Amino acid sequence: MSASTETHHASEAAVPTAPRPRPGLGTKNGRLHQVPHIAGLILGVFSVLVFLWSISPVLRYYVHVPREYVDTYYFDAPDTSLSWALVVALLAAALASRKRIAWWLLTIYLVLFLITNVIVSITDKNVNAMAAAVVQVVLIGILIAARPEFYTRVRRGAGWKALGVLIVGLAIGTLLGWGLVELFPGTLPQNERFLWALNRVTALAAADNEQFTGRPHGFVNTLLGLFGAIALLAAVITLFRAQRSHNALTGNDESALRGLLLQYGADDSLGYFATRRDKAVVFAPSGKAAITYRVELGVCLASGDPIGDPEAWPHAIEEWQALASQYGWATAVMGASETGATAYNKAGLTVLQLGDEAILRTREFNLSGRDMRQVRQAVTRVRRQGVTVRIRRHRDVPAEEMAETIRLADAWRDTETERGFSMALGRLGDRLDGDCLLVEAVAEDGEIDGILSLVPWGPTGVSLDLMRRKPTSPNGVVELMVSELATTSDQFGITKVSLNFAVFRSVFEEGSRIGAGPILRIWRSILVFFSRWWQLEALYRSNVKYQPEWVPRFLCFEDNRELLRVGFASAVAEGFVTLPRFGRSGTRDALEHTGTHAAVPAALVAAEGLHSDGSAPGEGLAPTATGPKRPEQVRVRLDKLAGLAEQGIDPYPVAYPPSHTVTEAVESPEGTTVRIAGRLLRIRDYGGVVFAVVRDWSGDIQILVDEARVGTDRIRAFAAEFDLGDLVEVAGVIGYSRRGALSLLANEWRMTGKCLHPLPDKWKGLSDPETRVRQRYVDLAINSDARRLLEARSAVVKSLRDSLGGRGFLEVETPILQQVHGGANAAPFLTHINAYNLDLYLRIAPELYLKRLCVAGMEKVFEIGRVFRNEGVDFKHNPEFTILEAYEAHSDYEKMMVLCRELIQTAAIAAYGREIIMRPGPDGALVEVDISGEWPVKTMHQAVAEKLGVDVSPETPLTELQRLCDEHEIPYQSTWDAGAVAQEMYEHLVEDYTEFPTFYTNFPTSMSPLTRPHPTIPGVAAKWDLVAWGVELGTAYSELTDPVDQRNRLTEQSMLAAGGDEEAMELDEDFLQALEHAMPPTGGLGMGVDRVVMLITGGSIRETLAFPLAKPRQ
């Protein structure tokens, strides 16, 4: 995308004056507010009538009487005058646009007519004149009352210019008309021909036809009226045309914009183009947001989103609309993002998708693959010709080389003027643009074959500003530069590149597809036709080859009736249409600051943070964020932190290990000297003595600071220096208080960490569950129960590991990133590796890799590790959790049952010293449950039958199972087989209501794709599930080792996955190939470690995790 250097001046600057009226305000009286529109409508209808009877003799005949009445008493209504029809029409449009000069003209005109009617009514006793005078008094009164509603300005000096245009135009028209009358006089006498031409062209047909003794040919009257209409049209347009913004950026304006971009520009790919210096700018009153714009054809055209703080966008938009309303400009926006378009839409603008911006994500960009074949071939072809790419920041390019780059960019431009407005900077080589990137294609002989210049897009992106290639350079130079930029972008910290904006991208893409409708094809054909001049399709084709991400961009405008004018104004601004300019030069300089009136709020200028040369504000002087708003207690602690620093006290010192833990200190004999460290939980100051409570992970101890031991100054310093929550080190001797409480009698202390936030209520702690999860560190610091749960978890995990190790199992680690998700029926998380441009899954189970190790000969192997399943979150589910999987050769699922029970019982001993678990009792308090000995074992179908009170077995027909489901309101899908329906019944009737740990065995084969069929019972698999208190704790199989059967089952699973079942497994060819090398008969065990901890401790899954997943902050 190239930048536009050609813009246009206006005669006068559009400089707002305070106070500015807001759109739609004025008197704020609803009826008076509509006066401009009503006046415009009435005069508009009248102008149409004048036009119609001027060209139609029949209509003129029928309206002769009312026309003469209106013409005599109310408003000039000549019988034939196209020029008058045009004048009234322009006056109507100006009134509807609230132009103040139109109000003056209409009011003065009515006043003059009123004076005439008053004189006639007095001298001639004319009742009609008197009635008309009364009506005109009322109309004039309404106009005077509604004067504040006519606030739109026209250009300064427009009246004198319009008068000059009118005089010259009428003189030329009269002379041409006189010549025509002389050529075609008709019955008009010689002495009346000049007057006839003068009357018809300049006198607005004030003299009626009856005052002349003859007539010229009919077509002459039409031409004479046309001459007058042209002159009046030019004059009235000169008079009524809207003020055109002549102002542009000043140095302070650009400096403020750069400050806003530094703070808020990371998400706006077009933001840097706001510094284009031939644009004007309007700021929010706070200076925290701004809109850059240009005025073309009476349209105030903003470019892209507002710059700055999104919270201040509405205020900037309001100021922009007020400015446009003041000068009668229609408002429109080119290239707004979805966020920006939403803000403009809330301000009353209509939004229309204009096209899409092409975004390259450089970490995902790769030349491999079928879709990139065209780019890859072009790059290879150019590289073979010895072309290389050089990429530098503008600030690193020597001045003479930059001058040559500018010369080449001008020489290789294929149009007279540079195109671009919303996505073009309009300058090269400016010292303030040092962060811009220059990409050059360099031929073997050192000549430059192509140039790209890209502007910053936040700290990690760039946006294409200028693209040039040497006419004789080989095809593919641009592809080489873009691909090299994308593949080497990490050297410049670039992760995203914004390429050209493709107008109507979806039309080109969808209109060329098979099956596109006729309307879409016609629309595409029209765009292709205009692409001969405006390169619409070429921009799309040049971008789509890179497989970019398409981000929609929008056109915003006030009124559908203005859409054509807005579109034409946009074409003018972007350089697609060049209009002739008269008077002053039509160009505005995009290289220098030509603005004469700074738009930046005076408060920002007064802060002396802005630079008149346009550079970004200095550090600390720009309107930068001050961080989060701090509560008062935090501010007090921050002040105390600063005070400590001023006193030379380091609130975060280097380590000095304590001599004892708190528990060790408490157990030490009286008089023992100790040094402990922990968090200060309580302070009680009694003047001469201060009591405090310090806690480390092992326990709490009371600290006693006695004035008699340390002195008055030091005891005061202790009370003043520390706050609750601070980390402290205290040294002293173990002793007792006067009331006999064991205490550490402090001699020395120091702060090891200043806590900047107050602790929660010392009795209630963190009562909100979400806060407890989000601030887990606080909960653990003050909540002993939470600490005991984590201790129990650690004991359980260590016990599981030690128990398996003691049985001869080897612990291994298998990949977490996997190319195929398998080993369980669950929805996976998807991620992407940039190095190989490959989609990967976070594992849902380690099973298939552990079985590969079984094939390799590891007879006893286990893993304890994290797995990830994209499922719901509740008291027993977390998206990531810890699993234990163990495999033993020459074993089966029955031996795994014994192993599982013993592992859990041993873990309970590690946590509590006995084979007990904790469960909530009726009152919510935890009670002990003995889990020693054997646990119940039932088949799945037997458990379902007991709940239903009817016989259910693996042979029960599907229709009977469906009938039972309907009877007990158990949902199922019509496509499920009998095994799936039976398992659904088990989950609803059995699993949810099981309490004491129970093994359920022999599940349907169709629901166990990795399990060996039961050796004696057809239709079921050698599998069990362990359930306790409604939670599935683990499962075990006699593993399926037949590779042919396993391939068939996984193929069925992959077909389900292809059909949309996201929980079905994919076909893992590598695993099947390993299985084909033979795996011994194996028993496999899988157990949820988090759920085992839940079972033993009686907590929820969130309580047993150090950091469970928390909801996003609102």
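Even glycines carry a Cβ here, placed using N, Cα and C.
Sequence annotations record features per position, and here Swiss-Prot assigns compositional bias 'Basic and acidic residues' to 1-11.
Residues or ranges marked as region 'Disordered' in Swiss-Prot: 1-26.
Sequence annotations record features per position, and here Swiss-Prot assigns region 'Phosphatidylglycerol lysyltransferase' to 1-618.
Sequence annotations record features per position, and here Swiss-Prot assigns transmembrane segment to 38-58 (among others).
Annotated transmembrane segment per Swiss-Prot: 77-97 (among others), in sequence order.
Packing against the transmembrane segment (101-121) from elsewhere in the chain are residues 39, 43, 73-75, 91, 94-95, 127, 129-130, 132-133, 136-137, 139-140, 143-144, 147, 150, 154, 158-159, 239-240: each is 6 or more residues past its ends and has a CB under 8 Å from a CB in it. Swiss-Prot lists 101-121 (among others) with the feature transmembrane segment.
Residues annotated as transmembrane segment in Swiss-Prot: 126-146 (among others).
The transmembrane segment annotation in Swiss-Prot covers 164-184 (among others).
Taken from Swiss-Prot, the feature transmembrane segment applies to 219-239 (among others), supported by sequence analysis.
What Swiss-Prot records for 619-1114 is region 'Lysine--tRNA ligase'. Averaged over the region 'Lysine--tRNA ligase' (619-1114), the predicted model has a pLDDT of 89.
Here Swiss-Prot flags 674-751 as DNA-binding region.
Taking the Cβ of Asp1025 (Mg(2+) 1 binding site) as reference, residues of its chain lying under 8 Å away and at least six apart in sequence are, in sequence order, Met940, Glu991, Phe999, Tyr1000, Phe1003, Glu1032, Gly1034, Thr1035. Taken from Swiss-Prot, the feature Mg(2+) 1 binding site covers Asp1025, Glu1032, and the record attributes it to similarity to another entry.
Here Swiss-Prot flags Glu1032 as Mg(2+) 2 binding site, drawing on similarity to another entry.
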Close approaches to the transmembrane segment (164-184) from elsewhere in its chain (Cβ under 8 angstroms; 6 or more beyond its ends):
193-194, 196-198, 200-202, 216-217, 219-220, 223-224, 227-228, 230-232, 234-235, 238
Through the lens of DSSP with three states only, how would you label Asp1025 (Mg(2+) 1 binding site)?
strand
DSSP on the DNA-binding region (674-751): how many residues come out helix, how many strand, how many coil?
14 helix, 48 strand, 16 coil
Cβ neighbour count within 10 Å of Glu1032 (Mg(2+) 1 binding site):
17
